[in-house]
C-alpha cells in the first residue's frame, strides 16, 4: 500500500517524518494532504488518528525524531502538527462541501425562476440572500402563472415592432381622409381589419425569426423566451403556426369567400375583396419567411444588402402604399391615386427602414460574428455603421423640413418644419454622447430610434 500511495505522485516529496511512524507513511500522508481530492479515509488508512494527540507529543519525547537522524530526515515534525494538518484538511473539506451545497441550491433557484421576467432575473443576480425568496420553492398561484405567461408572450412578440406596425397603419390610413365625413364606422372597421391582420403577421414574422435564431439569441438577446428556455421549440412552433393560420383565416373572412373558393382564387389570382390588404400580407409573409427560415437559397438575413431590402420593402413600401390603397379603394371606393403625403411618407420611411435594418445589427455584432452572419456591422465596424445611420436620418429630416416648408397649408408648414427640426436636433445631441463600447448604451439608442420612428408617424398625417 505504501508503495502505491507514494508512487501515485510524479515528483518525490521530501517531508519530515514522525518518530515511531515509518517514513513512507509520513511522506504518503503529507502528500495526501497536498492533494485535496484524496478521500480522508485514505489518510486514516495510513495513520491511526487516535495516536496523534498533542498530549502524547508533549509528554513523550520519543515522539520526536532521534537527533542522529534529524539531518537525514529533516526538521523535527511532531505528531501534533500532523494532527493539526489533518484537522485543517477536514475543515477545508467541510467548507468545500458547504460551497457545493450552496451552488446546488443556487442552481435549483435559477431553474425555479427561469420563467420570471428580466426584472426578477436581475434581482437574483444582485446577490440577494436566498432566504429572502422562500416562495421559490412553492407552486405559483394561477394569477402569477398568468402574469408570467403574458410577460413571456409580450417579449416573444417584440413589442416595439407591434407598436410600430399599429401606429404606422393608423397614420397612413389617415392620409386617405379628405373630409370630416370620412370618419365613419366603415373607415374605423377597415382600419381595424388592417391592423389586426398586420399584427397577426407581425407576430408570425418575429416568432419565426426567433425560432431560426435560438442559438444566436442566446448570445445577443438571452432575455427572449426561446433563448432563455421559457418557451420550448415546440411551443414556439405552435405559436408561430397558430398566427400564420389566423392570418389566413382573417384573409378569408376579409375577402368574404368560402374556403374552397378562396383557395382556387389564390392560385388563379382572381380574388374579389381588398386586393391591397391581401398582397400586403402575402408579400410580408413571403419576405418574412425568406428572411429567417434556414433552408437552401433562403435565410436572406445572412446577406446584408438583401436583408436591408427585405425590411425596406415591408416597412417603407408595403406599409405606406398597400395600406393607404386598402383604405382609399376598398373602404372609400375611390381611385387608386397616390397623394403627395403618401409619396413623402414612402420616401422618408425608406431612409428610416434602411437605418433600422443597419442599426439593429450593431448591438448583435458578437453573435453575428460567431454564427457567420455577414451584416454591415460585422464588415464595416460598429462606429462606422452608427454614423452612417445618423447621417441618413439627418438627411431625411432635412428633406422633411424642405417638404414642410413647401406646403400650401400654413398650419401644416409650421408643424412639419418645427417638428422635424426638433427631432433632428434631439437625434444629433443624443448621438454625440453615445458610448459605442457599451452594449447597453447601443441597445438603448436603438430603442430611441424606434421612438423617433413613432414620432414620425405622428407627424406624417399632418403633411399636406
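Quick reminder: no glycine exception, Cβ is built from N, Cα and C everywhere.
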Between the ranges 133-156, 229-252, TrEMBL assigns transmembrane segment to 229-252
Between the transmembrane segment (411-428) and the transmembrane segment (160-177), do 3 or more CB pairs sit under 8 angstroms, pairs being 6 or more residues apart? no
Counting a contact as 3 or more Cβ pairs under 8 Å, with residues at least 6 apart in sequence, do the transmembrane segment (440-460) and the transmembrane segment (183-208) touch? no
Per the Cβ filter (under 8 Å) with a sequence gap of at least 6 from its ends, the transmembrane segment (229-252) is approached by 114-115, 152-153, 156, 193, 196-197, 200-201, 203-204, 207-208, 210-211, 214, 259, 262, 277-278, 281, 285
Per the Cβ under 8 Å criterion, with at least 6 residues separating them from its ends, the transmembrane segment (385-405) contacts 344, 347-348, 351-352, 354-355, 358-359, 361-362, 376-377, 412-413, 415-417, 419-421, 423-424, 427-428, 431, 434, 436, 442, 449, 452, 459, 463
